[in-house]
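Let me begin by presenting the structure, written as structure tokens, before commenting on it.
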Amino acid sequence: MEVIRTSNSILEKVRLPIGKGEPFSFEVKRDDLIHSVISGNKWRKLKYNILQVEHRKNQGVLTFGGPYSNHLIATAKATNIAGLKSIGIVRGDELNNESNATLRHCAELGMQLVFISRSEYRSKDEPAYLKNLHSQYPNFFIVPEGGRNYYGVIGCQEILTETNNDYDHVYLAGGTGTTGAGLLLGSKPNTKIHVVSALKGDFLRNETKQLLYLVLNDSEMVELYMDRLLVHNDSHFGGYAKVPLELTDYINSVYHRSALKLDPIYTSKAFYKMEEDYNSGLILNGEKVIFIHTGGLQGAEPWSSKIDFL
């Protein structure tokens with residue numbers, strides 16, 4: 001396939017004004033600039049999955065997502081570019097191809113959308129359910145929701161190879177643990193990886209651990225990596241896709257202070273936690289910090305009236 005280049009993902013130095021004090025200096029890995037549709041960590045997680053599809057000579061990719069899924073639209077675009085078919089299993093049997101801009105765009109790119117109930121969607125990772133999908137779509141490569149598999153982790157492991165990779169702290173938003181697992185594997189032994197959960201619950205640490213074991217198959221090695229992982233479960237602003245006025249006000253504040261555009265589902269919550277940690281002294285003066293911009297601005301459309309740059 002036409003491999004999407006990550007050279008657009010520049011390393012940007014930011015000095016963020018913090019009240020009357022010295023600005024907060026850090027770097028941003030601008031993965032949001034990789035591609036207009038397959039932005040952020042979406043291409044990282046899809047790259048080796050799609051190469052596997054081509055290697056196995058499958059017809060295409062079958063994957064899963066919610067009605068505003070960045071992963072679904074990125075998969076639809078990536079398979080379209082590669083000349084492959086795609087099937088999206090969507091959570092919500094009351095929906096259709098015209099329910100919102102995300103689903104409409106997926107359909108326009110050639111993705112076959114299959115809408116299922118929320119109760120059925122909860123079975124999406126169960127062996128019996130996957131076996132049934134394999135029998136229905138025998139020549140499709142099944143990719144878990146969010147690209148959460150071995151190939152997704154390996155793709156995300158490459159992110160820090162495009163940086164100085166000498167950081168004390170790495171901050172990113174997390175939903176499935178895939179990007180966090182990749183960054184743990186790709187970072188130096190003294191680097192702390194801060195994954196800020198966009199969802200309620202404390203499942204993300206265990207999800208990341210499972211992915212590390214999938215790649216390493218060595219429990220002792222996994223524990224060594226897990227020692228450097230900090231999962232923050234207190235910055236979800238009410239849960240997945242919950243966007244209170246406080247959060248859109250913060251997104252606008254960051255934009256006017258730095259020109260960075262953050263989305264309300266993922267990146268803004270991670271950025272908020274990073275700034276909070278700096279203000280509270282958990283990030284020490286002189287420590288090197290990088291924020292991984294994982295894209296996702298497409299998911300901000302429903303709140304465009306409240307976000308200044310949309």
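Cβ atoms are placed via backbone N, Cα and C, with glycine included.
Per TrEMBL, the feature domain 'Tryptophan synthase beta chain-like PALP' maps to 28-295. Residues annotated as N6-(pyridoxal phosphate)lysine in TrEMBL: Lys42. What TrEMBL lists as active site, nucleophile is Ser69.
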Lys42 (N6-(pyridoxal phosphate)lysine) and Ser69 (active site, nucleophile), Cα-Cα, nearest whole angstrom: 11
Count of other CB atoms lying within 10 Å of the CB belonging to Lys42 (N6-(pyridoxal phosphate)lysine): 31
Cβ neighbours of the residue listed as 'active site, nucleophile' where a neighbour is any other Cβ within 10 Å: 24
Three-class DSSP secondary structure - Lys42 (N6-(pyridoxal phosphate)lysine): helix
Local confidence of the prediction over the domain 'Tryptophan synthase beta chain-like PALP' (28-295), expressed as mean pLDDT: 96
